Amino acid sequence: MNLGVFPLLLALIGGASSTYPDYYEYYDFPQALYGRSSPNCAPECNCPESYPSAMYCDELKLKSVPMVPPGIKYLYLRNNQIDHIDDKAFENVTDLQWLILDHNLLENSKIKGKVFSKLKQLKKLHINYNNLTESVGPLPKSLVDLQLTNNKISKLGSFDGLVNLTFIHLQHNQLKEDAVSAALKGLKSLEYLDLSFNQMTKLPSGLPVSLLTLYLDNNKISNIPDEYFKRFSALQYLRLSHNELADSGVPGNSFNVSSLLELDLSYNKLKSIPTVNENLENYYLEVNELEKFDVKSFCKILGPLSYSKIKHLRLDGNHITQTSLPPDMYECLRVANEITVN
């Protein structure tokens, strides 16, 4: 166990110790293999002969979607000036699987008709860093991964029927809890949901119980309903850092979820350590107002087979010091690799 005193280096804290799963590990991205282009390609774009089903049209100052020839399955249109999508933009490529439109000028009113729902094989749709004010749709049932980050979204349309939708990225928007609650109820395959950097003051109701990863950091959440997380029987990774959580808004067993492996409550207003299940492995509580270390927050009882599985614990930026830690902490946290205190 490495128990030490660390200065509060904010630039270093922002994720240095985190073991959150890398979202991009879930996908094997086709890489941009620029070189000689396939003849079956839009003249302004690049379709590598070694990867003829991919068309790269990044950073070309395009104002509209170019002609997309049949056979293209992976289409990259990043960092352009595209401000509209016509209804027939993809009629030659109904087997398109990935459509990447990040860093353009798209608005909802200029995305015509059922341009996306016609793509019956589409699995990945990214429209990050655009000018959307609501989610796009209708969308095809084949969709697995939807990314709409860094827009101005305050309204979510219906996601009904999207039985394969597994990943949703909605961070850095203008969403409030009611907009989220109404939209996501029926997504039975959803495992990954990022709602960080929005405008929520409460936890949204009706989130799918299938979630494995839920990010709600950087909102204005101050209260957790009693047993809110109990129904998420598969939840493993939960972020609630940079909110307004205080002891009065956190019921005693809020985070006592047996499936939970990682919990981030850093940068809140907590004075006592919320109780967690013995299975939790990584717990981030830095920069709160914690006054003492209570072993019972980690171990209800102590014994040869009764101990916490905590590996990494962050307590720096609180009122807890190394000398104030109780002796039985070491027995409770016997498998910890790192405990960071002031």
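Note that Cβ sites are derived from N, Cα and C of the backbone, with glycine treated the same way.
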Item checked: As recorded in Swiss-Prot, which of CYS57, CYS299 forms the disulphide with CYS332 -> CYS299
Checklist line | ASN92 (N-linked glycosylation site) and ASN164 (N-linked glycosylation site), distance between Cα atoms, whole Å | finding: 24
Check: Sequence gap of 6 or more, C-beta under 8 Å: which same-chain residues meet both conditions with respect to ASN92 (N-linked glycosylation site)?
Finding: MET67, VAL68, PRO69, PRO70
Item checked: Residue among the recorded positions ASN131, ASN256, SER308 whose Cβ has the most other Cβ atoms within 10 Å -> SER308
Next item on the list: Mind giving me a neighbour count for ASN164 (N-linked glycosylation site)? Other Cβ atoms within 10 Å of its Cβ, every protein chain shown.
Entry: 16
Check: Do you know offhand how many angstrom separate CYS299 (disulfide bond) and ASN256 (N-linked glycosylation site) by C-alpha?
Finding: 11
Note to self: Please list the DSSP helix, strand and coil residue counts for the repeat 'LRR 6' (189-209).
What the structure shows: 0 helix, 3 strand, 18 coil
